[in-house]
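Enquirer: The structure's right below; bear with me while I get my questions together.
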Amino acid sequence: MGEMDEEDVVMRRISKLKKESVREEMVSRFARIRKEAREFREQLAFQEREEEAENADIVAGCKSDLDGEAQCREPEGQQFTKNTKQKEGDLKSQDPEAKKQEDRRLGSCGMENGSCAAGVFSSGHSMGADFIRRYSRQLLVPSFGVSGQKKLSESAILIVGMGGLGSPISSYLAASGVGRLGLVDSDVVELSNLHRQIIHTEAFIGQPKVSSAASACLALNSSILVKEHGRGLNAANAVEIISQYDVVVDATDNIPSRYLISDACVATAKPLVSGAALGLEGQLSVYNHKSGPCYRCLFPVPPPPGTRQRCSDNGVLGVVPGIIGTLQALEAIKLASGFGETLSSRMLLLDAFSTRIHMVKLRGRSPNCFACGDAPQISAANLHEFDYERFTESTLSEEGPKAQELIPVNDRLSSAELKKLLESGKPHVLLDVRDSHEYVISSLPSSLNIPLSLLKERLSVLQSAVDSVVSFPDNPQEKEYPGLQDVGSSKEECSSVVPSRENTSIYVVCRRGNDSQKAVQFLRSEGFSSAVDVVGGLESWAKDVDERFPFY
Amino acid sequence: MKLTLEFGGGLELLFGSVKIHEVAVPPPEGETKVTVKHLLLWIRDNLLKERPEMFLKDKSVRPGVLVLINDCDWELCGTTEAVLEEKDTVVFISTLHGG
């Protein structure tokens, strides 16, 4: 490497470090501002509540003077209000804290029957002035109206999964005035979540998703109740948690959870709004409602493990779960408030690539269904005994497939060993078998990219790379990682001196070390006996060798 | 028989990443009707590019695939025995789990 090159590398590293420190500074400043803003808002809300209480006192005082007149004007309405309020009072828990919450929810001023400011203007419902102002635009929708809003405010909805789907679901349900929201998730917020999980902010990175989402929901609407279920849903707690709610929304990212939630909804007779999104596609339906099917009616047998795709492998455009989640919120609102036609026995299919929405008609409830059929095998009493992870051959999280071992570990390289070999100057070709769209995100310097699926037809490219390599004394850590900005700059640039096929090793990497084993098996069968792969792939390189590697 | 076939939910990856295929499927020898069962075999032999086990299992589609004939669940039309008609659209969609 020439002096100019070295200087160039140093300058680039300095500039990168500067950028990183500026970024960190910005992030922490942003988090600070957000925190201050939140505190200010809370203070403001508190002051407003105090003022309201004061005003209510004044109104109550005036009211005693007006009492006679009001009763003359609207004796029936007033009587009705009192009766309803009395009934509600009977139904509600006697717990004073619950009473206070209930009053806040319905926007009343927290006073006894008849003495509330709103009561003066009562027209047969117990909605306070704040309640009416807040939801006025919804109250004006004729088919929803006062009765829809009241039912919604008295309903409890459980959202399982606070990710890309759960974000718009919880936001809209909180804003629309669902009485009680339950949020389920056991994960913490990560940077790679934020592009789609828009309820979470940078300030909450590393915090439980349920806390982040609950604080966002309450910031949006402090008059609702939000309960956090931060330990996630499993066979042991599903029935107990779900039975506390009226409607359940499945916003999870894995198959066992989908079967578990569906079964628990069948066992507790709750309608289920189920949505999914991946890449540029989305699916949505309502299960276990009226004569419609449950998830098991549709998919009695889980798909084989090899056929499943995950957001962390296949990607997802942020807005796609946004669209599906928003539609899930709509279905949940309709189920909770009892208006409109839901997606029961229908499925909505979204193709975001060409902006097409398909509505398809589904089968009804299957009499042979394991969960909801005429002779169901699963009930609230025995659901906890069912092993969902074994049934679906996967875990109750978005965890990927287990690391495969096609080649014995002692016949493979660790990422640390790879580093030493690269630094030793031993003649080699560093072959990266990821798909090209992943390779351009980030890659090791001086690597050759041939995707596993194309390896067979591009063997000649590898052969010529092997033929042209003798020594490669570069230290990869002294180089910037090629990625986004400089696509392909290091591709096939292995410098040539004297061809020497015999002593040239082929080091094969991929993202996590599964495809690289398949590649090595194939290469050895084709006579490249010196091919060896790296355990754990680039994930291990980023973890064990160089944290700076931009793993994705 | 002219049919429109659509693959979604990731199944298109088995068909050269092409989602919509306009195809002409001849009936089996000595017959006039095209059933879904016949269509599945025709797809396997003429359209499928890789890994048939990702699409088919035991003469039907693999678990986790929904089949829709003219936007209607094939369970409502007789599954593999459903008889197709000229210009029908058959959609094969793999169930998604991401969220």
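Glycine too: its Cβ is placed from the backbone N, Cα and C atoms.
Nobody curates TrEMBL annotations by hand; they come from automatic prediction.
Quick paste from TrEMBL:
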ACT_SITE  A:C311  active site, glycyl thioester intermediate
ACT_SITE  A:C510  active site, cysteine persulfide intermediate
BINDING   A:G164, A:D185, A:S192, A:N193, A:L194, A:H195, A:R196, A:K209, A:D253, A:N254  ATP binding site
BINDING   A:C294, A:C297, A:C369, A:C372  Zn(2+) binding site
COILED    A:23-57  coiled coil
COMPBIAS  A:85-106  compositional bias 'Basic and acidic residues'
DOMAIN    A:424-550  domain 'Rhodanese'
REGION    A:72-107  region 'Disordered'
Enquirer: With 8 Å as the upper Cβ-Cβ limit, not reached, which of the recorded positions A:G164, A:S192, A:C311, A:C369 neighbour chain B?
Expert: A:G164, A:C311
Enquirer: When the Cα-Cα distance from A:C297 (Zn(2+) binding site) is computed for each of the recorded positions A:S192, A:D253, A:C311, which gives the smallest value?
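Expert: Checked the recorded positions A:S192, A:D253, A:C311; minimum Cα distance to A:C297 (Zn(2+) binding site) goes to A:D253.
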Enquirer: What does DSSP call A:C297 (Zn(2+) binding site) in the simple three-state scheme?
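Expert: The three-state answer is helix.
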Enquirer: In angstrom units, rounded to an integer, how far apart are the Cα atoms of A:L194 (ATP binding site) and the residue listed as 'active site, glycyl thioester intermediate'?
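Expert: That separation, Cα to Cα, works out to 13 Å.
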Enquirer: Any idea what the Cα distance is from A:S192 (ATP binding site) over to A:C311 (active site, glycyl thioester intermediate), rounded to a whole Å?
Expert: 11
Enquirer: Can you tell me the mean pLDDT for the coiled coil (A:23-57)?
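Expert: Reported value for the coiled coil (A:23-57) is a mean pLDDT of 68.
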Enquirer: Taking the centroid of the Cβ atoms of A:C294, A:C297, A:C369, A:C372 (Zn(2+) site), which other same-chain residues have Cβ within 8 Å of it?
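Expert: My list of surrounding residues reads A:S262, A:V266, A:Y287, A:N288, A:P293, A:Y295, A:R296, A:L298, A:R365, A:S366, A:F370, A:A371, A:G373.
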Enquirer: Tell me, which recorded positions from A:R196, A:C369, A:C372, A:C510 are within 10 Å of A:C311 (active site, glycyl thioester intermediate) if we use the C-alpha atoms?
Expert: none
Enquirer: Rounded to a whole number, how many Å is the Cα of A:C294 (Zn(2+) binding site) away from the Cα of A:R196 (ATP binding site)?
Expert: 28
Enquirer: According to DSSP, which of helix, strand or coil covers A:C311 (active site, glycyl thioester intermediate)?
Expert: helix
